[in-house]
Amino acid sequence: MEPTAPSLTEEDLTEVKKDALENLRVYLCEKIIAERHFDHLRAKKILSREDTEEISCRTSSRKRAGKLLDYLQENPKGLDTLVESIRREKTQNFLIQKITDEVLKLRNIKLEHLKGLKCSSCEPFPDGATNNLSRSNSDESNFSEKLRASTVMYHPEGESSTTPFFSTNSSLNLPVLEVGRTENTIFSSTTLPRPGDPGAPPLPPDLQLEEEGTCANSSEMFLPLRSRTVSRQ
C-alpha cells in the first residue's frame, strides 16, 4: 500500500497566501491602486469603512497600497478577494498571473517540506532493531577476538601461528597446524651428499684408510672370477 501524499491544511494555505503577499509587496505597491478595490473589499467584508479611511490617510499611492496589503494579510480570504477585484477591473490581469505563480511556488515548497518531515519520521527498522543490530555486531566482534586469542600458539622462536581459517596464505591450502610435519617430511626426503661429493664432510681417518684399501684391491677381487671362467671354457 503506497503512502498517502501530504496535503496542506487551511492554516497552511493561509500562511502560503500571507507569504506570497509579503514576497510581492514591493511589486504590488507599485502596481495596485488601492482606491479601485475599496468597494469590492467592503462588499466582501474584508475591509470596513474605518479601514478604507485609514488607508486613504496615507500620503502616497505606494503607502496606500502597502496599508491595503497589511489588512489583506490579516484576513485569510484577503488575497483571494483582491484577485477577484482585479479580475473585475479587467485592466491588470497580469497581476493575477504574477500572484498565482507566487502562490503555487510557495505551495510546492510547503508540500516538499511536509513530505520531508513525513519521510524523516518513518523508521526503516522496527523498534529496537538498530540496537539489536549493533549489539549483535559487538557480540560477533568479541567472539572473534576470544576465538583468535584461544587458538594462538607460540613456537620456541617466538613466532605465532593461528588456526587454519585465520591463515592468510590460502594458495598453499595446507593447515597451519601441520607446518611442522610438512617441513619434517621435506627434510627427510632430501638426498644428502655422499662421501666425496662437493659439500660432504670429510670421513674419519680410519674410514678413509678402509675405503682406499677397498678401492686398491677391487681389481684383485675380480681376477679369480675371470680366471675361473676362462678355465671352465
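Positions of Cβ are set from backbone N, Cα and C atoms, glycine also.
Residues K63, K146 are shown; Swiss-Prot lists ubiquitin cross-link for one of them, K63. Scan Swiss-Prot for phosphoserine across S134, S138, S161 and the hit is S138. The ubiquitin cross-link entry in Swiss-Prot, when matched to the candidates K17, K44, K67, K98, corresponds to K17. Secondary structure by DSSP for the domain 'CARD' (13-101): 71 helix, 0 strand, 18 coil. For the domain 'CARD' (13-101), the mean pLDDT of the prediction comes to 94.
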